Amino acid sequence: APPPVGDQAGGRKVNCSKYNAKGSQFACSRHLDPVCGTDHRTYSNECMFCMLTQNKRFSVRILQDNNCDIECTQYSDMCTMDYLPLCGSDGNNYSNKCLFCNAVLRSRGALFLAKHGQCESP
């Protein structure tokens with residue numbers, strides 16, 4: 001089955017039009033009120049979230065207020081073999097944060113962290 005999209009993927013949609021009053025220019029304050037996107041990146045506030053996600057190839061929503069539990073900002077395609085398991089919302093185990101973050105990217109933000117550690121066996 002394809003990964004869930006839209007509301008099924010979790011997160012809330014943001015009305016970004018309130019931040020770009022002057023055409024397509026965003027006027028964001030430096031006020032720190034972090035939010036975590038469904039791309040597992042922490043943005044300093046909702047306005048910065050809107051500005052930095054407007055040109056993404058997929059729709060990013062706000063997963064939670066505050067910093068992300070798992071930060072996927074700086075990961076390459078090449079992952080180490082470290083073993084620090086994470087359980088994804090798809091029920092799959094990911095050996096480490098790098099592999100999980102690459103899966104988040106491939107899922108276009110539909111995958112999120114279910115829990116730290118391995119998923120429960122059926």
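Positions of Cβ are set from backbone N, Cα and C atoms, glycine also.
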Cys68: disulphide-bonded cysteine as recorded in Swiss-Prot, out of Cys28, Cys36, Cys98, Cys101: Cys36
Residue among Cys28, Cys98, Cys101, Cys119 that, according to Swiss-Prot, closes a disulfide with Cys72: Cys101
Residue among Cys16, Cys47 that, according to Swiss-Prot, closes a disulfide with Cys28: Cys47
Length of the line joining the Cα atoms of Cys47 (disulfide bond) and Cys79 (disulfide bond), in Å: 32
For Cys28 (disulfide bond): intrachain residues, at least 6 apart, with Cβ closer than 8 Å: Tyr19, Asn45, Cys47, Met48, Met51
